[in-house]
Amino acid sequence: MSERHMKLGAFLMAGGHHIAAWRHPDAHAPAGSDIDHFIHLARVAERGKFDMIFIEDAAAIRERNPDLASQAARSTAFEPLSLLAAIAVNTSHVGLVATASTSYTEPYGLARSFAALDQLSGGRAGWNLVTSASELEAENFAASGLRPHSQRYERAEEFADAALALWDSVEEDAYFPDGGETFADRSKLHAVHRHGKHFSVDGILESQRSPQGRPIMVQAGASDVGKDLAARTANVVFAASQTKAEAQAYYADVKSRLGKYGRSHDDLKVMPGISPIVGATEEEAKAKYRALQELIPDAVGVALLASYLSIRDLSAYPLDGPLPDMPPTNLIQSRQQLIVDLGKREVLSIRELARHFAGARGHWQVAGTPAQIADAMEDRFLDGAADGFNVMAPLFPSGLEDFVTLVVPELQRRGLFREEYEGRTLRANLGVSPPAKS
Amino acid sequence: MLLGYSLTPFGHDPDAWTKPRDRRRLGFDALLDQVAAAEAAGFDFVLLADRLSIRPADDLSSVAVPFEPTLLASALATRADGIGIIAAASAAQHEPYNLARRFASLDLVSKGRSGWLVLLDDGDAARGNEYVDVVTALWDSFEDDAFLYDKVEGRFFDPSKMHVAHHKGAHFSVRGPLNVNRSSQGRPVLTHLLEEGDEALAARTGELLLLQAGKVEGLVAIAARAIRSIEAAGRRRSDVRLVANVVPVVAGSPQAAGYKVTAPTLAGVRTIGTPEMIADRLHELATAADLDGFTILPPTLETGERFLADVVPELGRRGLIGGKRQVTLRDRLGLARPVHPAISGKEVSR
């Protein structure tokens, strides 16, 4: 049996994952709208043999207050599919995972877009399926309206099934039959006819079949229905876990759900986020981290914390006091609990929690030498907490360059990570099963 | 004279895929080769047409681009950096916020070289009008100089230069703002395809109008009607570019030009003959119908190559094309940069 290798994703974001990254002296402040910056980052990830790059999304500005929005680089961004289509034809091996919500799109258009990304990249596309929970997004699609959590997932389930069926509506070599009389070989086209509660889909996807069978399905479900949807349909699941115990519990929970859908343990890769701050010495890494933390305006950090708690405003509470009790939420429940637990466990004030979350938005942060970071990753990888990691560099490009130059070779020396890509498709590199023949 | 190139994998003739049979032509590299050739010949834009919003589809068409057009446009933009890229997208297939974002992103990826070919539902003019207005308002979410990138003060953009649309209409309710930066050409170029029928929306909002008619008389009539409508909408003829579809068939001699063209997806006036004859013909058509240029719909890739190799130099010799290459599509078309409504004094919301 070949040794088990960890999977690595590079979660890309403009100037960096740290909310104040764009203010850092080394930052290229307009990075978020600079296509050459993103192509460079994708090539760095590819040099580091990453399985994939990953782009998040929101179909709205993230902050209602214009003064606060105007202090955050995340207020504007590329639409992920356009961005990855551009990167696809400037890279050759790295997987390309775009976030897209099922709440305000239709299965046909979305399936067609991911099929295009898969064709443009030669089989490297992945779809991070999310549902939209924010009021600001709902207000951009007000005819649709914000739905309660359960209905969002019901729509997502039906959406995912429709997209999978559309991708399977075309067999390999359905077009251009050798010696055939017609452009399409109709025996290889299978029209979809689905009439569900949320969608009606009739027809054949206008695309050739994916070079990897189907695009890779990714999710970040942390609620109960989210974890079930991931266990049924996803190839990769992202997660936010602070402690090793939380990560292990999540890993075991998601993996235990695979059996009831007839899937094996290795068909779903669990990849929690890690925010690594790499230094030549531990002290240098910690100094890098402090330099970034000092750039966070308190108002911006607290507003971000409020948005993760799914409440409107925290500004009425003392900055150096504890979090108030939280009202029940219709929005993202799991993230709220994570923050409340952390605040209680480590006795953190609102300001401290805000700064802590601004750094990696609830993900695991590790500041240290390449060996220390590799130690931390190895520990969770070998101890039932992760199949790999979604790497969230606080500052781009230097944070990712440091990781590729310093940490990846350390992981390779330990036999924990690939030296070369296994194949040209994302599916081949992840080593997940091909879709069953339709 | 403006020149556009309508991209298909094999040509606009539905039988073109058989001559020769070459599967590779469905791939990105072969499509890029066509675009690069048009770019090198000095074309102003490439047009990625889509099926005219007809759903459900029952197969992939051999006479439309084989990828979703807006994403193909984004990919092409990074590999061909000297030509405008206009992609078709249907108002029936995208929510306005999603479409505005897709094109605003394409305009950043292409560094201001993109255009949106507006495809609407037939028979719902009111929805179409509102849709285009919502998209335009979202593209105006930020003024040209809104982004400050002031690291010391921690100010990414000037909040007084962000505009929230707060649109509430009969068909759409969209808060805004768009979460994408304004591009170097301000907004993607609004492009409409005109044939028979209602041109009021195109006359009111269009910047580039693609005229489609199978016969010269029809083309002249559509152009005259478009110009009247533009003026009736309170705009000037010079605010808009009129570009007609032509299907060129280039032959070494007048006798050899017997190539048969059957029912192309995008109809255009057929111009058949030697390079000199086609150049004459395009010049006459432009004069007769008051046109700014032509979109070439090659029936096969080989006829397209001959157009680039033989007709384009002839147009150059006559001084009909050439001159300084501009970067943005707007500049190439000689269109004014849109003045942000906040500057022009139109009422805007904050």
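Cβ from N, Cα, C; glycine included.
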Of the residues A:Thr91, A:Thr99, A:Thr105, A:Thr182, only one is listed by TrEMBL in the FMN site with A:Asp57, A:His149, A:Tyr153, A:Ser223. Which is it? A:Thr99
If you count Cβ atoms within 10 Å of the Cβ of A:Tyr153 (FMN binding site), leaving out that atom itself, what do you get? 20
Looking only at the domain 'Luciferase-like' (A:21-324), report the model's average pLDDT. 92
Cβ neighbours of A:Thr99 (FMN binding site) where a neighbour is any other Cβ within 10 Å: 19
For A:Thr99 (FMN binding site), the three-state class that DSSP assigns: strand
Run through the Cβ atoms and count how many others sit within 10 Å of the one on A:Ser223 (FMN binding site). 15
Cβ-Cβ distance under 8 Å, sequence separation of 6 or more, same chain as A:Asp57 (FMN binding site); the residues meeting this, in order, are A:Ala77, A:Glu79, A:Pro80, A:Ala98, A:Thr99, A:Ala100, A:Ser101, A:Val130
